[in-house]
Amino acid sequence: MATGEFELIDNYFTHRLPERDDVIIGIGDDGAVLDVPAGFQLVVVTDTLVENVHFDRQTSARALGHKAVAVNLSDLAAMGAEPTWISLALTLPHSDDEWLNSFSHGLREICDYFNCQLVGGDTTRGPLTITVTAHGVVPKGKAIQRRGAKPGDWLYVSHSLGDAGLALASQKHQVNISSEHFRQVSERLHFPTPRVALGQALRDVASSAIDISDGLLADLGHILRASQVGAVISLEEIPLSLAMTESVSQEQALRYALTSGDDYELCFTVSEDQRGVFDTKLATLGCKPVCIGRITGQAEKIELKLAGEPWQFELPQTGYQHFREPLEAS
Ligand SMILES: [Mg+2]
């Protein structure tokens, strides 16, 4: 990309962003120099959005700016980390003033909200691709991992599931929903809320955690594999939005909740011993995670129950594009 264009793009990102005291050298040098507070560890995550893979041409630039950051902050939340800095690698087919204005607006809004500073970046010419690397800090030894779940632990999700999948299906005309419901679920697809405060509250409380990016079954599967445990899920406990329950049958709603991607909610486990502490912490947070089941000793097996009865579940052959994990559903 010509120098003039790079400078143009650079202008969108070097101004009007939060400025943190721990950024010693930010954008403008060959690298950023950052202070990690004493007693903390650095957590680094990265995620890429590619046009026609993760989003289509109709997706607004503002939504992409938001989502490129949100999906990374969601990973930090799952680790119990506090977001601090991000860097951005942006590949654009051409320099488009209006697009960049809107994209940087979306990016800035979420960075402002979570006090996360952009400290570096790169722009190149090519098919539209957005890579964000996010950094966060966590007190030494307190990062939450996938591997700590134990039989008997309670299984939680942070919020209602499946809305993003319903939005995508509606966008593809696979399902008919009202325009108001479409507006609501589209908001969740394009502007996901990373559960950053909850993630930090789960340090010392959750025995394992993951963020749900590829569907509950697939992501819970990662916890079960890492922890060598199983899970039983009471399907009627899975939180569903009103937009979901008013738009599709219970069976279809559960399919979205279990297998569609892009929810960016947290899935985590809490031991019986920690449950009281957890409830107390939650009271101050203003969010209400829902207990949907329990961890079992049967390694990597997920049992789905509806009103106490085993639920027969066949995987959709043409499911969400990210849905590639083999399942252990029985
Ligand atoms: Mg993740």
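Count begins at 1; order follows the chain as displayed.
Using N, Cα and C of the backbone, Cβ positions are placed for all residues, glycine too.
Since the structure is predicted, the reported quantities are computational estimates derived from the model, not experimental observations.
Annotation source TrEMBL lists domain 'PurM-like N-terminal' at 28-138. TrEMBL lists Asp30, Asp75, Asp211 with the feature Mg(2+) 3 binding site. Marked as Mg(2+) 4 binding site by TrEMBL: Asp30, Asp75. As annotated by TrEMBL, Mg(2+) 1 binding site applies to Thr46, Asp47, Asp122. What TrEMBL records for Asp47, Asp75 is Mg(2+) 2 binding site. Under the heading substrate binding site, TrEMBL lists His54, Asp262, Tyr320. As annotated by TrEMBL, ATP binding site applies to Gly121, Asp122, Arg146, Ser213. Taken from TrEMBL, the feature domain 'PurM-like C-terminal' applies to 150-299. The Mg(2+) 5 binding site annotation in TrEMBL covers Asp214.
Under the DSSP three-state reduction, Thr46 (Mg(2+) 1 binding site) is assigned to strand. Note: the Cα of Asp47 (Mg(2+) 1 binding site) and the Cα of Asp30 (Mg(2+) 3 binding site) are spaced 22 Å from each other. Across the fold, the C-alpha of Asp30 (Mg(2+) 3 binding site) and the C-alpha of Arg146 (ATP binding site) stand 35 Å from each other. The Mg(2+) 1 site is set by Thr46, Asp47, Asp122; from the centre of their CB atoms, other residues of the chain with a CB within 8 Å are Thr48, Asn72, Ser87, Leu88, Ala89, Ile130, Thr131, Val132, Thr133. Between Arg146 (ATP binding site) and Asp122 (Mg(2+) 1 binding site), the C-alpha separation comes to 32 Å. Across the structure, Ser213 (ATP binding site) and Asp262 (substrate binding site) are spaced 5 Å apart at their Cα atoms. Note: the CA-CA distance between Asp211 (Mg(2+) 3 binding site) and Gly121 (ATP binding site) rounds to 25 Å. Each residue contributes its Cα atom, and for Gly121 (ATP binding site) and Thr46 (Mg(2+) 1 binding site) these two points are 13 Å apart. When the Cα of His54 (substrate binding site) is compared against those of the binding-site residues Thr46, Asp122, Asp214, the shortest separation belongs to Asp214. Neighbours of Asp214 (Mg(2+) 5 binding site) among the binding-site residues Thr46, Asp122, Asp262, defined as a Cα within 10 Å of its Cα, are Asp262.
Between the binding-site residues Asp30, Asp262, the minimum number of other C-beta atoms within 10 Å of a residue's C-beta occurs at Asp30. Counting Cβ atoms from all protein chains shown, Thr46 (Mg(2+) 1 binding site) has 15 others lying within 10 Å of its own Cβ. Taking CA atoms as the reference points, Asp262 (substrate binding site) and Asp75 (Mg(2+) 3 binding site) are 12 Å apart. For ligand 1, the neighbouring binding-site residues among Thr46, Asp75, Arg146, Ser213, Asp214, Asp262 are Asp75, Ser213, by Cβ distance under 6 Å.
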